[in-house]
Amino acid sequence: MNIPSIENCDLYSKVVLLRVDFNVPIKDGEIHDATRILRALPTIRYLINAGAKVVIISHFGRPKVRDSNLSLKNIVEALSHLLSKEVKFINDCVGEEVQKAVNAMGIGNVILLENLRFYKEEERNDSNFAKQLASLADIYVNDAFSCSHRAHASISRITEFLPSYAGFCLQDELKYLEKVVSFDAKPITAIVGGAKISTKIKMLVKLAEKVDYLVLGGAIANSFLLFSKVNIGKSFSQSGIDDLLHDIVETANKNKCKIIVPEDVLVAVNSDYSASISRKTESILNDDVILDIGPQTLNKISSIIADSKTLLWNGPIGVFEHSAFANGTIGVMKIVSNLTHEGKLTSVIGGGDSLSAISAAGLTDKDFTYVSTGGGAFLSWLSGDKMPAINIGLKLF
């Protein structure tokens, strides 16, 4: 796919509106995983060295109102440190104060604007909001692959109003994932877990057409167990999706894809996360909360991966943030890493929670064939779904 690069653009003295994904995990004021920030640095440095005036925009979390805990001000110090350069933070992303700050920028200056999602218009793909953002700059650069499946104002609508280019992170993601979707090295195993069900469930139908094993964990596995008339106690699942789950099963059967759900699990009782209890899935009690896979399921998944040539992974298998329920995710992560280092497995991992799990396992992106910054975007691309930022942007570049 040929996407116009920032390398094909005269950047000197131009105001560049750079869309990144700085939605990183922060706890007690500390960034726990800076992968997404680190991936954006080559593009930012290139723009600075080319003499551009760099205006960075991003979302952060899912705020319902303005929330200081979800302000990008929490990122600016770390970004300045990583760039070895002052980054000025502006407490808004549109309006007079922002325009004045942009007008005062010098060559190579960098500004970070406030959280885009403090404006509801961002997620509504609002044309007027996109115009306000576009009015700040001469050029738009998308370096946020992880958001490019979303029809949001700063991702898709804005390309109607500015010449649009791809940053290096976006280019690298597309270049590598294009190779992966050829699905040449079989057997292929896909692991899909995590807590987000609604954004993933429809894509499982398309994955079931392409992979040999579809391993399910987290809330998606809970939903499948419930669909199979298994008692899941007080575990999180999604109701009203039986038709979709039926489609996934039918598609898998038609394409000889085996769906793997837990045979045993680790549960907490009444949400006490301090200790785990192992149960067979047929023995789950009404007060149980499923938070991880059990040892039998871990062994089964490990065996499937060992027999695979390609692994695609999005979302943790269990609630790895609690040590009593980390064994499934971290155990599988280490097996995948070992097989990758031995040259026996092509491993592609994506998603913000997956990035955090890699860090929790004491591993880095160097321990896998490729680690994508995208979660939903990663799944959208692999399943062949449309991605608004890429499809719309290509027509306008």
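Any Cβ shown, glycine's included, is placed from N, Cα and C.
Automated prediction, rather than curation, is the source of TrEMBL annotations.
For the substrate site, TrEMBL gives Asp21, Phe22, Asn23, Arg36, His59, Phe60, Gly61, Arg62, Arg150; the one candidate out of Arg117, Arg279 that the record lists there too is Arg117. Those same-chain residues not listed among Asp21, Phe22, Asn23, Arg36, His59, Phe60, Gly61, Arg62, Arg117, Arg150 yet with C-beta within 8 angstroms of the centroid of the substrate site C-beta atoms are Ser58, Asn115, Leu116, Cys147. Those residues of the chain, other than Arg36, Arg117, Arg150, with a C-beta within 8 angstroms of the mean position of the (2R)-3-phosphoglycerate site C-beta atoms are Asp21, Asn23, Ser58, His59, Phe60, Leu116, Ala144, Ser146, Cys147, His152. Gly351 (ATP binding site) has Asp21 as its nearest neighbour among the binding-site residues Asp21, Gly61, Arg117, going by CA to CA distance. Across the residues the record lists as binding substrate (Asp21, Phe22, Asn23, Arg36, His59, Phe60, Gly61, Arg62, Arg117, Arg150), the two Cα atoms farthest apart are 18 Å from each other. When the record's (2R)-3-phosphoglycerate-binding residues Arg36, Arg117, Arg150 are compared pairwise by CA position, the greatest distance found is 18 Å.
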